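K.L.:
Before anything else, here's the structure in question.
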């Protein structure tokens, strides 16, 4: 083989590696509902979801995972997005399912999106925190990350930690650690509750509403058909024990002091018999 041929072969291999790491939507995801409202674009590098008065749309990962770091870039529905909900989350199946949620609740033009986070374990959630963002999520792509290991769950936006949910099984709080989960995303109508408690409805004259996804990456343990975990091919495994350092704790304090609009750990009217036990353990829940 000539040097020129070797160079071409090497370039081809490197290109394939880059595409694999980028997470082609053709390779990684299945469209689950919405038909033509869900479109894989640009050779598998981008995906759009649309919502109209007849249906929303969604997709899910081909693989199941047990722990990992999951990154997705999103650009949310612009303009009057009231009533719409765009999602990126992990979930198992069944009545006692586990789930880790990013949900983006639209709003009328000029008003901010609400970022809704929640954690379910063994079918029970009720651990919501909500934020407004420090940027417009509709004008450019931003990276949303769920980091999930056996010690904690960290929600990050553009690599800034906004929330940590620690494993407090020692005091009787269930933690998602045994059920493999898939990655899910969807765009759907929830105008009965999503915007200002359902007071602001979806303006169907503005349909279709469209959100965009790209650069999905799962640095995670895939669970194969034989239920044995297979390590991610990505060499960076820091997520397995990752916590939040001093700089990260400062960033969380900034986000929660300046941009948090709801924290279940402060909702004494809701929890009339006393706040959940974990609320006394860490302010970063």
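Every residue, even glycine, has its Cβ placed from backbone N, Cα and C.
Nobody curates TrEMBL annotations by hand; they come from automatic prediction.
Grabbed the feature section from TrEMBL, which reads as follows:
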| type | residues | note |
| --- | --- | --- |
| SIGNAL | 1-22 | signal peptide |
| DOMAIN | 19-213 | domain 'GH16' |
| ACT_SITE | 99 | active site, nucleophile |
| CARBOHYD | 107 | N-linked glycosylation site |
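Give me the lay of the land around each of these features.
P.N.:
Per-residue pLDDT, averaged across the domain 'GH16' (19-213), gives 94.
Neighbour list (residue 99 (active site, nucleophile), Cβ cut-off 8 Å, at least 6 residues apart, same chain): 89, 90, 91, 92, 118, 119, 120, 125, 176, 181.
Within the same chain, the residues at least 6 positions away from residue 107 (N-linked glycosylation site) whose Cβ sits under 8 Å from its Cβ are 81, 82, 113, 114, 195, 196, 200, listed in sequence order.
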